[in-house]
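These notes are about the structure you will find just below.
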């Protein structure tokens, strides 16, 4: 059974579960990957981009072994077109959806698309926003297996992609290849999900079973427990309190709950704003350094071109002089 959840519905679920967050550029196949993991089409996904994820959404599925898989799909959070307010709002929404903490961050890349500058900076951005330990929870997911040459493996493809090698090195080479096409064999899709969940369990063991953002999860659960206790007290008062009093208490409780959530969102937002300023500053600095390097390389190339042109002109001049001397010499030989 697959159910949906809202961003502000924080429930205490005793059953074992794993929460996975999909991150990546729009068009890389995040939603399709989420559907493959869930085993059902829950996230809207169209190759032509008719349906684009505009906000974080969560769907869940229970495996035969009883494990609940929560999958959070996100819009393109770190694209150049995303505003700071949009990025902060959706990150907060994502964190509230991940009520029990995040067990793995799935960084999704498409083998069909060229790696953009924003994608190359994704790890740096994540580390600035959430701390360097975030890399301990990242799994790199490659989509569009059909983009590989006949007989070519993912490792073969990556040999010629140093930018991907750098990302994988930071993530302990945790990677998986997904074929999200409709005609992919069920056995193949099952194997992909199995390989992914094995990596999730490796991450769990490496981090001693602690989910990422567990502190936020603990705060949410504590506040939720307080709310539930007050709800219980209100129910017990129904026998000797008027309907008007009960209604007023429920309104006050709802207000308290909303204020609690707003307080948490504001705290996260303030932290993210400061971090995003650092991200922008560092990315701008890196961009300036890259442009300066390119400028110097162009100058060197221009100097080299000018030097080659000068040498070529000297060579042509020397050849002409040699030809002229040879002509004069031939004339003298003829006279003699």
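Here the Cβ of each residue, glycine as well, is placed from N, Cα and C on the backbone.
Keep in mind that what you see is a predicted model, and the values were worked out from it rather than measured.
Segment annotation: Swiss-Prot labels region 'G2' over residues 51-55 (candidates 41-45, 46-50, 51-55, 56-60).
Site annotation (Swiss-Prot, ligand GTP) includes 24, 25, 26, 27, 28, 29, 30, 31, 32, 45; from 65, 70, 180, the additional listed residue is 180. Per Swiss-Prot, the stretch carrying the note region 'G3' among 37-40, 61-64, 73-76, 77-80 is 73-76. Looking at 131-134, 135-138, 139-142, 143-146, the range tied to region 'G4' in Swiss-Prot is 143-146. Residues 24, 25, 26, 27, 28, 29, 30, 31, 32, 45, 180 are listed as the GTP binders, and the farthest two of them sit 16 Å apart at their Cα atoms. Sitting within 8 Å of the Cβ centre of 24, 25, 26, 27, 28, 29, 30, 31, 32, 45, 180, and not among those site residues for GTP, are the Cβ atoms of 22, 33, 108, 110, 143. Using a Cβ-Cβ cut-off under 8 Å and counting only residues 6 or more beyond its ends in the same chain, the region 'G1' (24-31) has close neighbours at 43-45, 49, 51-53, 73-76, 79, 106-110, 113, 116, 118-119, 141, 143-144, 178, 180. Neighbour counts of Cβ atoms within 10 Å were compared for the binding-site residues 26, 180, and the top value is held by 180. In the region 'G4' (143-146), helix, strand and coil residues by DSSP number 2 helix, 1 strand, 1 coil. In the region 'G3' (73-76), the DSSP tally of helix, strand and coil residues is 0 helix, 1 strand, 3 coil.
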